[in-house]
Each structure stands twice: as structure tokens, then as C-alpha cells.
Amino acid sequence: MMRRTVRPWLCCLSWLVCLAVVHFADASSLSERLDALQARRMRLIHERAELEGYLQGNVTQQGAFRPVREQDPRLDRALRDMELEAHPFYPNVSGFYHGHLSAWNTSRLSWDQVQERGLAEWNNTVIQPYFRAYGVTDQASHIRGGFSLPVPWINGSLDDTDIQLVGVHDIRHGMLYLVGMPVTAKAVLDIRNVLAMIPETQAAFRNDAGKACLNDINMRIQRIDEAMTSPYIISIPDPDPSASSNCTMQLYAKLSPEDLDQRELNTIEHELREPSGIVTRPAPRLHMKVLGISTRCGMYLETDSMVGISRAQYWSDVRYYIAGMICVLLMQLVLMTREMERTQTHTAISRISGLSMFIHSLFDACMSLAHFILGLALPGSYAPGFFSIAFMQAVLFFVLEFRLYAIVTKQRMESHRGTMQRVDSLSDDDDNSFDSLLDEPTLRHYVDNGYRRLPRALHRVPRMFFLVSWLMAVIFFVNVAPILYTLVAVSFLMSFWVPQILHNIRQRSTGFHTSTIIGMSMARCYVPLYLYQDFFNPLPLESTPWFWLLMGWCAAQTLFLVGQNMGGPLFFLPYSWRHSEKDWNWHPSKEALAAMLSHTHDEEEAAVDPLSIPLGDCPICLMPTSWDDESVMVAPCHHVFHKECLLPWLDIKQICPSCRLPLPVYNK
């Protein structure tokens, strides 16, 4: 048959066609984005000219621009109660905050206003605002920030509506005047309206506020110019007519005064931003209360006293988290390396639960991926730290944990494969006789018999069926019941010692070293403790009292497993119950051994002189065996071995050298 060859010119032509299609499609998209940026730039230039005319009193240049203040009787009363006196305040409000937002209907409410609210949850909602301050004068700075509101869906999942905020900060009186709106709203966010929000008593601050507004507009124009000249043109989200919320709002935020004097506050902030080594007091937390109004949606907004942390303090805490996580991972690497060194023989491997190692490896795989994604999202100076954590966790789960899981699984499969033919050939009478090898068959032996038959049944089911079923179940729960899926996934990942506990009970043995159990448990609790106990963490996770149930569950698993190492696998049972089920006696007495072997010889001769029954040769060394209780070992299948021959064999394989039936674990 003539072999068909691939023509190089055809491959080159196909590649050129694909390149041309991508180029022209990208050129069209690039042109549209450039036009959108140019229109945005012209609008900002026009707003800047109007604002300059307003500040200079030039009616012609001001045009039709008039700053608008939204009014509400309840808001006016609350603003009058706000104290506008000079106190020690943080001069820089850049940071992250945490609080609860509440909303009430205004006196005049229409159906159109309710429709503008969309599906976002406004009332009794946890919000985490963030602010970035840009200094303009000694008395004012312009603010950019935002927060997110949850949008619930029918299937129980939550989406987010991003609210962008701009405004000015009155540094002397600790007041923030902000305007906000959703990113995808139909209206245009205009910082100039904050000039109408400043009270008449603060007329001197209005000039500084105007300079702050001009500075914000100039920065946005500069950012657009940089984007237009950059080889990677950014895209601007277009207004979405079907946005989940179109509420425009005006917000008034008041900082709580600090007990320290202004000079000491400035020193603490400077030390956080540019550490020089001087000793200062711990940085106090920021506290802020917010009031607001949204005439478009007919809502009066109010928050409790929100707690905040400065950006400098936040990134300092992130550095401590990176250092702590690296120390935790080094401890895990040392513990798992020592565990790999201890787990070299067949018997030691058989004491390890494969499912427990799978959960450990899956936990570290998920954490490695999460830290890698965080490294991509965070600023460049912190990305190497998160990439290092992701790399160390990848080494931990792939080189150590998953490798140990593969070794345990491989040995388990080889043992079942070696005994599959023997087990398939057993009849019901043979199974019953196998259970009768012990003097008093109990429930445990029937369970073990079923457990022994389980691989034979699963072996007949295609593996692809398990894979497809598992993927379909995950997709179903993620889309239909995401909250339930999260609970199940977290519960599964935090139950990393449960399979090992059950394995110890079934095998009547212990697996991991006590130091490994305690160290790995502490490492598993480090990340949840940081994320759920600190509001200001890299992930927007809300603290919940249910978190302590997870910590208690981890502690219970750890204590139970340590108790098994110290008091035996059945330490939790009364002493009489522990020995109600007889383990196999590898060194039976002469009378018991004679009773086992009597059915293979003349019963009359065995009854006269039991010791006359020949034991035969050891199947391993082929040397004769004697009736010495300590020098021989008898398997449940009644095969007799020398002790010094069988023990090394059990370190390699947990099956009988003669009949290939599985053997119980030898407990010294």
C-alpha cells in the first residue's frame, strides 16, 4: 500500500489562512475598542472644562453643568447629628473595610424605582468596601473604590454586582463624600456631584474638593491615553440595559476619631508604608459609618460601624501569611519524607489507608491551584511568594502524598489480582470453611468475607462507567445545588483521617506515626484558621460560627487516631469487648495445631498420639518443621512455616506462599 504523506505547502497555507482570519478579527475588535476609548476621553475632557468653569465662576465655560445633591429628610437629620469637629483621624483612608449594609424605602416609592434595584440584596448584606486615596492637598484627597453586592439565583448560587465609588476625603474632619453606581449601569459616574454634597459650613473645603475632582478626571484621561498607546488595548465594559442593578447613590462616610494624637498616627502610618525599624504602637483599626441615599432606586442606605485595615497593614499581614505558610509546608515535607522512609515494607504499606492519602493529596492539589491563581491576581511584589507556596504544595502532593497513594493502591491491586483466581474458584462451602478457620466465626469475619469479594464484583464494572458517573454527579451538584456541593466537598476534604481510623479498626493495626498525625492535622487547620478568622484575607470569605465545627471535627479525628496509636486500634471499646472477636493466633498450642491438622491424617492415629502427625516441610525454605510453638507459624489456611521464613515474606507480600490466599496482619 502506498503511504500517504503530508504536503508541507498545504500545512503552510492553512497556517497563513488561520493567521489572516485571526488578524482581521482582532483588527476589527481593536478598532471598536479604540473608538470607545476615544469617546470616553472626549467626554472626560468636556467634563473637566465644565468643572474648571464652575470652580472659576465662568458661566460660559461651565455650560449646563450643575452639581446635584439627592435629598431625603431622614438623611438630612442623620447628617446634622454627625459631628464635624477636628479630631485625630487617619490621614490616609486607603484600605479594606468590613460591615453590614441596611436599606429602607424612601417616603415616595414607585414601581420603576423598585425595578431599578434589580436582583441585588441591599438589606442586611455583608459588604467589604475598599478605598484607594490619592493625595491632592493637605486637606483633601480624591478616593476611588468599590464593593460588591450578592445576587442570588434560583439554584442557590450567588453572583456579584460590582459597585464603583469615587469621591473626596476631608482629611481634617474625617469625612468622605462619595458617589457610586454599578459598573454595568446605564448612567455615567460623575465625581463632580460630590461638590453639591459638601455642607455650606465647609465652603473653604470646596476649593480643595474641586482640585481633588480635577485630579481624578486628569488621572482617568491619562489612564486612557496610556491604554490607547499600549499594544494591549483594554476593553471598557459597556452599559448593560439588563443589568442586575442600575442604582446611582450618594454616600457620606464618617471616620471615628482615634485616641492617639495626630503626630503619632502619622508616624504609625509612615512606618507601615516605609518600615525603618523604629518602635511604634500597634496600628489601630479604622472605624467608619456610612449613610447614603439613592433617589433612582428609592432607598435610604446605612451601615453599622465598619471595621477597616489600612492597605499597608493588610499587605504586611499577607507577608506574614506567606512566611507562615512556607514554614507549615516545610514541616509537612519533612513529616511526609520521614513517613515515606518508614513505609518501605509490604506490611507497613498495608497499614496505610489509600483513601486517606488520596484526600490528603487532593487537599494539597486544590490549595496549590488556589495559591497559583492568587499569585496571578495579586501585585507583582507578592506574586513570587504565592508561586513558591504553590510549587511547594505541588511537590508535597505529587512527589510524596500521591506517590504514597499510588504505592498503596498498586499493592492493593496486585494482592487482589494474585488472589482473584483463587477467590473465584471458591464455592459457598469453601467460603464457609474459610470462615470456620477461626474457632468462633463472628460478624467481623462475615464482613471481611464480603470485603474480600467486593473487588471481584467491582472488577466486572467498566472503569469508564465510574468516571462518567462521578463527573455527571459533580456537574449536577455544581449547577443545581452549589451550596450543598460546597458543604459536601469541604466535609470530604476535612475528613482526611476518617478512612485511616476505619482501616486501623479493620486491620487491627496502626498506620501513621504520631508526629505525622499531629503535624499534618495542624497544617490542615492553618489555612482555614487564617481565612475564616480574619476578615481581611486575600479571599472574600465571611467568618462563620460553623467554622468551629470543622476545627472540632479535625481535632476529634486527630485525638482518635493518636488514641489508636497509644492504646490500640480498639482503645475506645471496653476491654472485654476488644477480645470478644478472636484474632488469628499465629502460634497455636500443640493441641490446637493437632486439632487443625487432624482432618488431613488418620483420625484414629491422631487421637492416640496427636504429636505423631507430621508437619511436613516449610514451603519457603523446604526444610522440615518441628512441633516447637515458638519456631513455627500457622496461617489461617493451615499451612505451617518457619517463623524466620514467614516474617520476611510478610514484609513483602500479605498472601500465603502456598495457596495465595490473603493473610491477616501479623501483630507482634
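FYI, residue positions are counted from 1 along the chain as it appears here.
Using the three backbone atoms N, Cα and C, a Cβ is placed for every residue, glycine included.
Note that TrEMBL annotation is computational and uncurated.
According to TrEMBL, the protein has these features:
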DOMAIN    618-660  domain 'RING-type'
SIGNAL    1-27  signal peptide
TRANSMEM  318-336  transmembrane segment
TRANSMEM  357-379  transmembrane segment
TRANSMEM  385-408  transmembrane segment
TRANSMEM  461-478  transmembrane segment
TRANSMEM  545-563  transmembrane segment
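Counted over residue pairs 6 or more apart, the CB atoms of the transmembrane segment (318-336) and the transmembrane segment (385-408) come under 8 Å in at least three pairs, which marks the two as touching. For the transmembrane segment (357-379), same-chain residues at least 6 beyond its ends with a Cβ under 8 Å from one of its own Cβ atoms are 318, 325, 385-387, 389-391, 393-394, 396-398, 401-402, 404-405, 408, 492-493, 495-496, 499, 520, 524, 527, 538-539. Looking at the domain 'RING-type' (618-660) alone, the prediction's average pLDDT is 80.
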